[in-house]
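Undergrad: Sharing a structure, written as structure tokens. Questions coming.
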Amino acid sequence: MTTKTRFAPSPTGFLHVGGARTALYSWLQARANNGEFVLRIEDTDIERSTQAACDAILEGMNWLGLTWDEGPYYQTKRFDRYNEIIAQMLAKGTAYKCYCSRERIDALREAQAANGEAQKYDGCCRDLPARDTDEPFVVRFKNPIGGSVVFDDHVRGRIEFSNDALDDLIIARTDGVPTYNFCVVVDDWDMGITCVVRGEDHINNTPRQINILKALGAPIPEYAHVSMILGDDGAKLSKRHGAVSVMQYRDDGYLPEALLNYLVRLGWSHGDQEIFSLEEMKQYFKLGDINKAASAFNTDKLVWLNQHYIKSLAPEYVATHLQWHMDDQKIDLSNGPALAEVVTALAERAKTLKELAASSRYFYEDFAEFDEAQAKKHLRGVALEPLQLVQQKLAALTEWTVEAIHQAIEDTATELDVGMGKVGMPLRVAVTGAGQSPGLDITLFLIGRSRSEQRISKAIEFVADRINS
């Protein structure tokens, strides 16, 4: 039987890290078993579902590279199918109309709470004969009485629920809109889902859904309920820990490979290995290797992984993601080096693409003034002679290459009998406006000959003015 999994988010908010991890695990379960992955949008909460959230979910999935084989399916477009099944269940007696008022239900719950009993529907309308009336009603599923629901969870092992602890679930509201738990069952059945991967907050839904599947004569999928993600302080993950939308991580300068690698390790492991390509994830992933314990979100670990991927992935590929940040920071690339060359030069120092973009501006744009602290330290009177001599040697070069530039800087230091820093630091501030850059040879090469010479001249004027002031 072909493995078929699904990711079924509700579009009441953006795709967050918890949902993204669930999507990844479900996607990997399909890919690791040469199966199929379905994307389903569970939008039956009409009041809270938004198109913006739907779009953000799709954008996040695409950015992560979690491609789907079917879908996206929308539950709101399948109401006719749900109502068809509800009608069949009413006719077969596996569901019934409940006419109990809100007041009666509230009073029942209050009495049960006062008596220390579990709050559940008492089956008042369960065996009433059909009636022809205009009274409002909900449709309830006739949950089995007695016995238990048992399933083997890939993550948690054997789980058992007593049917007596389950009440008769509402499967259609008074307005005729089918409920979440019912739609999920019909969808999983119709779409041939063989394995459901979802958060542990759905465990209590599982016995109810299994009972409905049995009533429909539908096959029961396998289940894997993954633990929640906590902040590094042990509290439930919130925005202050990093529970932001997936696309916010893109905006903050993370590569999808880094986020995927981080998320897969947030509860799953394969020996002591930390770095996983997507192909390796597919090769090694098993649901049974997911840890039952909650996992703590650690932003420092994510940053470390991001640094690794910025340095190790092909510069041309990193440049395709860096382009978004250059555009976002309004850096015009038309007058400067190829972006992949900048990635090669700056990757070693960069923690994020956002940071990398900001630090690359001087390759493409002239700066209005030197960094005040760096200029005060390095563009002093003592810097005038090194700057003038290195300017002469650079101007005399017959070719503008990294090797030739390096030799010119080295020859300047030798001729003046000073350390490289006495030449390099004033030159660095001169051409970048700041105190940090890659090697000066590659920096000047990428800035370009004309622009480098202009900036050195500007720095010489700056130093001369300081001497004369």
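Glycine is no exception: its Cβ is also placed from the backbone N, Cα and C atoms.
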Undergrad: Looking at 9-19, 196-206, 328-338, 449-459, which stretch does Swiss-Prot describe as motif ''HIGH' region'?
TA: 9-19
Undergrad: Taking 41-45, 156-160, 236-240, 436-440 as the choices, which stretch does Swiss-Prot tie to motif ''KMSKS' region'?
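TA: From Swiss-Prot, the annotated motif ''KMSKS' region' range turns out to be 236-240.
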Undergrad: Measure the Cβ-based neighbour count of D127 (Zn(2+) binding site), defined as the other Cβ atoms within 10 Å of its Cβ.
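TA: Its Cβ has 9 other Cβ atoms within 10 Å.
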Undergrad: Excluding near sequence neighbours, so keeping only residues 6 or more apart in the same chain, what lies with its CB under 8 A of C98 (Zn(2+) binding site)?
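TA: C98 (Zn(2+) binding site) has long-range Cβ partners Y121, C124, C125, F137, V138, V139, R140, D168, I170.
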Undergrad: Using DSSP and three states only, what is C98 (Zn(2+) binding site)?
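TA: Going by the DSSP assignment, C98 (Zn(2+) binding site) falls within a strand, counted as strand.
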Undergrad: Identify all same-chain residues not among C98, C100, C125, D127 whose C-beta atom falls within 8 angstroms of the centroid of the Zn(2+) site's C-beta atoms; report them in sequence order.
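TA: Along the chain, the qualifying residues are Y96, K97, Y99, G123, C124, R126, L128, R140.
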